[in-house]
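**Student:** Sharing the features that Swiss-Prot gives for it:
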- 1-200: domain 'ABC transporter' (DOMAIN)
- 35, 36, 37, 38, 39, 40, 41, 42: ATP binding site (BINDING)
């Protein structure tokens with residue numbers, strides 16, 4: 001299983017973010033994107049996720065479902081938590097499972113894995129920033145996708161939350177999944193670094 005990009009060019013708002021960018025990540029590997037703010041780390045994640053279209057180049061995934069678009073085999077966890085404040089923890093997770101086309105699953109297993117079982121019926125509006133982040137992470141668990149695209153994934157997580165997420169990432173990699181992450185903080189797992197843009 002291998003995810004790759006060749007000759008990628010990204011233009012946003014009339015400004016060229018990067019050009020001629022190549023990358024590659026294999027199953028079981030975590031690729032950490034590093035670079036100054038504005039270098040294009042988030043833009044690359046959004047290109048892979050299908051949220052932006054490249055001005056040039058291509059992205060390919062040699063996985064178990066070659067006819068399925070890359071975007072449909074990837075989870076994108078942005079730096080903002082996409083939650084409905086009026087819905088409970090379990091209702092938010094059910095929404096994302098259904099939205100992403102997942103099979104009926106035990107939502108409580110995902111909720112327990114991120115340490116929110118005590119708050120399962122609590123509206124998201126009442127969650128702390130760290131709890132909201134944990135709930136967002138639970139989305140990765142209820143629908144199985146081999147590619148995790150993570151943008152500052154440990155933001156708002158305390159030390160225990162970071163350790164919890166490191167375990168989940170390790171489990172994902174051990175099962176053959178791959179991770180591409182943009183982060184300024186250590187992820188707590190072994191990564192291969194890729195610099196985007198000129199050194200600061």
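In case you wondered, yes, glycine gets a Cβ from its N, Cα and C as well.
I'd like these features described in context: how deep, what's nearby, how far apart.
**Tutor:** Taking a C-beta cut-off of under 8 Å and a sequence gap of six or more, residue 42 (ATP binding site) has these contacts in its own chain: 79, 151, 182.
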**Student:** What's the number of neighbouring CB atoms sitting within 10 A of the CB on residue 35 (ATP binding site)?
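**Tutor:** Counting Cβ neighbours of residue 35 (ATP binding site) within 10 Å gives 20.
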**Student:** Output, ordered by sequence, the same-chain residues six or more apart from residue 38 (ATP binding site) with a CB under 8 Å from its CB, or 'none'.
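**Tutor:** Same-chain residues close to residue 38 (ATP binding site) (Cβ under 8 Å, separated by 6 or more) are 17, 197.
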**Student:** Using all protein chains in view, find how many other C-beta atoms are within 10 Å of the C-beta of residue 39 (ATP binding site).
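**Tutor:** I get 20 for this one.
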**Student:** Work out the three-state DSSP category of residue 42 (ATP binding site).
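**Tutor:** Looking at the DSSP assignment, residue 42 (ATP binding site) belongs to a helix.
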